[in-house]
Amino acid sequence: MKNYISFLSRSKTGETKIGKSSTNYGLIAGIAVFALVFIFFSIKATGFLSKINLVHNLVMPAAISAVIAMGMTVVMAGGGIDLSVANIAGLAGLASAAVSAQFDLPVPLMFLTALIVGGLIGAINGVLVAYAGISPFVVTLSVVYLAHGLQYLISLMAVSGTYLMLPRVVTKLGTNAFFQIGFCTFTFILLFIYLDRSIFGRYIKAVGMNINAANFSGIPTRFYTWLTYVICGVCCAIMGIMLTANEGLARVGSGESYQIDAFLLPILGNTIFGRFSVQGTLFSALFIYMVINGMFIMGVSPEKVKIIKGGLLLGIILVSGIQKVARREN
């Protein structure tokens, strides 16, 4: 127990000593760049500051993307990775719509179905990674194809063969800013408290920092590794609900366009804040979608936007790697 307590205290102290100055400078730089880009688009992009654009074209898409990225943030904070997040989101949304259509379920039970599907797949990922010792890359890549195949099977229930229509009340919720932003805010608050204000979050970060040292200190590393994937699966399900409700239908592959965001946002947040955190991920979501929205208004094609996002991801990974090397040397 003494080893365990001393390890946690060293982890917390070490994080403060190593990351304090770099985190402050990174955060200051991030806020400065955010402000400059916001001012630039306010001047150059006609209609950027309109209420409809800011709420429906910027904040709402950012909220949907942030939820799936916050799930990935928890996994990355625990030292793992999940390639299947977008497919889990799509499967959860499609499965809940199919069950609702088949059994005429009320909306709360429809949402509960999505959460069960997402949590169950996350639990399977966690068992295979944490307890079976299989590489998270191999496990989650396999689940990508599994979830995608299941989506096609479920879609056979649809008359069209490709998508399922949602109840009207759900589609109304999906276009409601309070619903989308509220779901994101609720998820953010829960994960912020769990990851940054609870002993469980400290366990997860300790596992992510050094799993061998955490295991030696008495932390049940397998359980907390498993738990990160369960949380991620539930976040994917929440995002699947938000996305399908926003689109007004559940279709095969609906979440796949958010795959790059699931990686980009946590890594950018880590670069700015100096650690994996849901606040960093949320900040990154608002920043990235502000840039995307501004470029669309200025006439940049979707293809070029994708190229820019891919380049950003590569650049951020390089910067993050340089930061890690610098911290080790210090």
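Every residue gets a Cβ built from N, Cα and C, even glycine.
All annotation found in TrEMBL is predicted automatically rather than curated by experts.
Look at TrEMBL and you will find 25-43 (among others) tagged as transmembrane segment. Beyond the ends of the transmembrane segment (25-43), by six or more residues, the same chain brings 49, 271-274, 283, 286-287, 290-291, 293-294, 297-298 to within a C-beta distance below 8 angstroms of the stretch.
According to TrEMBL, the transmembrane segment annotation covers 58-78 (among others).
Here the transmembrane segment (85-103) has Cβ contacts under 8 Å with residues 68, 71-72, 109-111, 113-115, 117-118, 121-122, 143-144, 147-148, 150-151, 154-155, 157-158, 164-167, 232-233, 236-237, 239-241, 243-244, 249-259, 262 of the same chain, all six or more residues outside its ends. Residues or ranges marked as transmembrane segment in TrEMBL: 85-103 (among others).
Long-range Cβ contacts of the transmembrane segment (109-131) within its own chain (Cβ-Cβ under 8 Å, at least 6 residues beyond either end) map to 80, 82, 84, 88-89, 91-93, 95-97, 99-100, 139-140, 143, 147, 167, 170, 221-223, 225-238, 240-241. The transmembrane segment annotation in TrEMBL covers 109-131 (among others).
Residues annotated as transmembrane segment in TrEMBL: 143-165 (among others).
Positions annotated as transmembrane segment by TrEMBL: 177-195 (among others).
Among the features that TrEMBL reports, transmembrane segment is placed at 226-245 (among others).
The transmembrane segment annotation in TrEMBL covers 281-301 (among others).
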With a Cβ cut-off under 8 Å, give me the same-chain residues at least six positions beyond the ends of the transmembrane segment (281-301) that come close to it. 30, 33-34, 37-38, 40-41, 44-48, 53, 57-59, 61-63, 65-66, 69-70, 73, 184, 188, 261, 264-266, 268-269, 272-273, 308-309, 312
Residue list, the transmembrane segment (58-78) vs rest of chain: Cβ under 8 Å, 6 or more residues beyond ends. 85-86, 89, 177, 180-181, 183-185, 187-188, 191, 195, 201, 204-205, 207-208, 224-225, 228-229, 231-236, 238-239, 242-243, 246, 255, 258, 261-267, 269-270, 275-278, 280-282, 284-286, 288-290, 293
